Ligand code: DOR
Ligand code: ZN
């Protein structure tokens, strides 16, 4: 197969940031995707319907003329989230979902939830109104090894939550382990997972072998090879339980190449090409549309996009850096040649 035409895909997990950076990165996503679930971990975080509505307006204003792109907004949950405000935002179509960051788990998560028990009333309300919960699935306890934080989160937090609120729609985001795949497999239709391109391409060696590679560092951190292989199998299985969520997370070059480099991989410029390479390597081109364009809308309860995109075999060289709004950002696959390119 040398050409592949699929329904236009969506990105079900994405960081745009705000201001100049946002204006620089939005076009990369809008070029490929019809919709994206936009993460709320700005500083300060997007915690209310009003803040999400204003942020949505700023994103819409950054979409280049001629491109159709719909940002789907999320509210950042805190110990003090207001269930009424979230319910109004969801009913009005401003908020698609709410996001659970365990406090301290990742970038701008300091105001996140310190204990899921503190938001049980909010989660019950979300279950009742059919508002999905996006979950960053890592515990933050200092005594838990960083490579075990996702697996421990499943046991301590996610499994009890799903058992308690089986009707709540839960997206286990950016999964990185075979443990997460097993959890999704053992759960009912209200639990699904997103998988990033980087977790399909790299294992933890990419961060640490031959020197420290800050541009390969994100959270949850890439794990051992056996986990990458489990993720590739899940993503390319054709199951509706797994769908595309890039977790593209731009940080300027200086913030990554630093004493304390930020977590996040900026994969937006060639996200579709990156994923497709994996499906090609796994002889699963026929399952790419399910992962990229069908399973996500089905889970979220949205229509599948009417338009289509076409990708063609052919070399595309990923630049060493792209503009991040006055300062450079290093994209995923910088300097590499990918084997597919978008042609329409
Ligand atoms: O690597 C990450 N970067 N993981 C996250 O959970 C957050 C993200 C960011 O916002 O930079
Ligand atoms: Zn993220």
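Note that Cβ sites are derived from N, Cα and C of the backbone, with glycine treated the same way.
If you take the C-beta of residue 247 (active site) and look for same-chain residues 6 or more apart in sequence within under 8 angstroms, you find 13, 14, 15, 173, 174, 194, 196, 198, 218, 264, 265, 267. Residues or ranges marked as active site by TrEMBL: 247.
According to DSSP, residue 13 (Zn(2+) 1 binding site) sits within a strand segment. Residue 13 (Zn(2+) 1 binding site) counts 26 other C-beta atoms within 10 Å of its own C-beta, drawing on all protein chains shown. Positions annotated as Zn(2+) 1 binding site by TrEMBL: 13, 15, 99, 247.
According to DSSP, residue 251 (substrate binding site) sits in a coil region rather than a helix or strand. Within the same chain, residues at least six positions away from residue 251 (substrate binding site) with a Cβ under 8 Å of its Cβ are 107, 261, 262, 264, 266, 329. Taken from TrEMBL, the feature substrate binding site applies to 15, 16, 17, 41, 136, 219, 251, 263.
TrEMBL lists 99, 136, 174 with the feature Zn(2+) 2 binding site.
Confidence for the domain 'Amidohydrolase-related' (11-309), expressed as mean pLDDT, is 98. Summarising the annotation, TrEMBL assigns domain 'Amidohydrolase-related' to 11-309.
Positions annotated as N6-carboxylysine by TrEMBL: 99. Cβ environment of residue 99 (Zn(2+) 1 binding site): 39, 40, 41, 74, 75, 76, 77, 133, 134, 135, 136 lie under 8 Å away, each six or more residues apart in the same chain. According to its DSSP assignment, residue 99 (Zn(2+) 1 binding site) is in a strand.
Among the binding-site residues 13, 174, 219, the residues whose Cβ lies under 6 Å from any atom of ligand 1 are, in sequence order, 219. The recorded positions near ligand 2, defined by a Cβ under 6 Å from one of its atoms, are 247, chosen from 16, 17, 41, 247, 251, 263. The Cβ of residue 219 (substrate binding site) has 105, 106, 107, 138, 263, 264 as same-chain neighbours under 8 Å, each 6 or more residues away in sequence. DSSP gives residue 136 (substrate binding site) a coil state; it is part of no helix or strand.
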